Amino acid sequence: MTYPNLLDRFLTYVKVNTRSDEHSTTTPSTQSQVDFATNVLIPEMKRVGLQNVYYLPNGFAIGTLPANDPSLTRKIGFISHMDTADFNAEGVNPQVIENYDGGVIELGNSGFKLDPADFKSLEKYPGQTLITTDGTSLLGADDKSGIAEIMTAIEYLTAHPEIKHCEIRVGFGPDEEIGVGANKFDAEDFDVDFAYTVDGGPLGELQYETFSAAGAELHFQGRNVHPGTAKEQMVNALQLAIDFHNQLPENDRPELTEGYQGFYHLMDVTGSVEEVRASYIIRDFEKDAFEARKASMQSIADKMNAELGSYRVTLNLTDQYYNMKEVIEKDMTPITIAKAVMEDLGITPIIEPIRGGTDGSKISFMGIPTPNIFAGGENMHGRFEYVSLQTMERAVDTIIGIVAYKG
């Protein structure tokens with residue numbers, strides 16, 4: 001189905017800079033997200049028909065569309081995030097490419113281009129309307145496509161009361177891209193049986209498995225002396241960091257793994273001979289493998305300290321989120337419904353693990369099972385990001401189908 005306000009709504013959203021800031025200590029991490037929620041989303045939530053609309057100190061804009069059929073007793077939530085990733089989000093100037101011809105798309109005058117030779121996903125979209133960047137910023141389809149789709153679904157349901165639906169709760173939240181947006185989510189206030197994050201990629205994505213995730217902060221303490229007299233005196237912290245890294249499995253890196261394979265990822269290293277700080281992330285799907293990865297890092301640190309005869313390697317491990325499969329597989333109702341709706345719409349469900357996390361990873365462990373459905377974005381987090389309007393329309397269809405489902 002086509003929705004006349006969907007494209008303009010999306011274009012309005014992406015032109016607002018809502019980039020999050022991992023170094024901030026506030027919630028939300030940037031004032032622009034507060035302004036976007038209170039000045040743009042809250043008024044529009046009311047206009048499209050949501051009731052009891054409010055903004056919480058945790059950064060979430062919340063609203064409700066009451067059920068219009070007493071036989072549909074479920075309460076279902078839909079959640080998308082306002083923030084965009086760590087890439088330029090100022091001056092977003094989207095291009096609308098109607099009836100895409102399958103060829104190269106020049107991204108404004110930036111010198112960058114979307115070429116099917118480099119981005120095979122483009123081969124799926126001839127004849128469709130694509131929204132791209134102008135090459136100077138990201139687009140923000142992650143996850144403003146999700147926000148636009150949820151808002152459009154509510155607008156359509158309000159205008160078509162003949163479509164019977166259950167109670168719907170909507171939540172637009174902050175700081176998903178920096179991994180803290182759902183930390184303060186109020187599950188008791190949201191009060192639904194289950195929810196969906198509308199934060200996936202291509203048409204048909206339906207995901208209920210995520211990584212389990214941890215962060216590892218390492219400090220290597222060296223001893224700097226003049227290199228000319230360094231023998232048996234100098235301890236080079238840079239070398240300690242290299243030695244530590246070289247004891248991790250060589251092939252367990254993001255660029256060498258896929259599917260259900262986990263990894264260690266060195267994110268940042270700073271320092272000198274005297275001291276070095278290094279940051280890693282640890283990812284795996286199975287709980288035992290996840291715990292084993294953390295234990296392995298601790299074992300390496302302990303072994304190095306024992307060999308050095310002093311405590312020169314300090315490791316701090318912090319769990320970040322867990323595989324939501326552990327919660328959702330106890331009651332697969334949200335997956336069963338979404339899968340059935342997609343199939344009824346002629347959409348082939350693509351059920352595969354997310355090699356990452358969503359707000360649903362944390363919300364599921366707060367008592368609300370929250371799988372993820374497609375929002376349409378491709379090449380997210382950079383200048384090559386784009387989305388198909390037709391895929392966004394199918395996401396709206398899917399949301400409407402889920403809340404009207406009577407099985």
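For all residues, glycine too, the Cβ spot is worked out from N, Cα and C.
Features reported for this protein in Swiss-Prot:
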- D83: active site (ACT_SITE)
- E176: active site, proton acceptor (ACT_SITE)
- H81, D142, D199: Zn(2+) 1 binding site (BINDING)
- D142, E177, H381: Zn(2+) 2 binding site (BINDING)
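Here the Cα atom of H381 (Zn(2+) 2 binding site) is found 13 Å from that of D199 (Zn(2+) 1 binding site). Note: the Cα of E177 (Zn(2+) 2 binding site) and the Cα of H81 (Zn(2+) 1 binding site) are spaced 8 Å from each other. The CA atom of E176 (active site, proton acceptor) is located 6 Å away from the CA atom of H81 (Zn(2+) 1 binding site). Annotated Zn(2+) 1 site H81, D142, D199; additional same-chain residues within 8 Å of its Cβ mean position, judged by their own Cβ, are S80, D143, G146, E176, E177, T197, V198, T358, D359, A375, G377. All chains included, 15 other C-beta atoms sit within 10 angstroms of the C-beta of H381 (Zn(2+) 2 binding site). Secondary structure at D199 (Zn(2+) 1 binding site), taken from DSSP and collapsed to helix, strand or coil, is strand.
A straight line from the CA of D142 (Zn(2+) 1 binding site) to the CA of D83 (active site) spans 8 Å. Separation of the C-alpha atoms of D83 (active site) and D199 (Zn(2+) 1 binding site): 12 Å, rounded to the nearest whole number.
Annotated Zn(2+) 2 site D142, E177, H381; additional same-chain residues within 8 Å of its Cβ mean position, judged by their own Cβ, are T84, A85, D86, F87, L138, D143, M380. Cβ neighbours of D199 (Zn(2+) 1 binding site) (same chain, under 8 Å, six or more residues apart in sequence): I79, S80, H81, D142, D143, G146, E176, T358, D359, G360, N372, A375.
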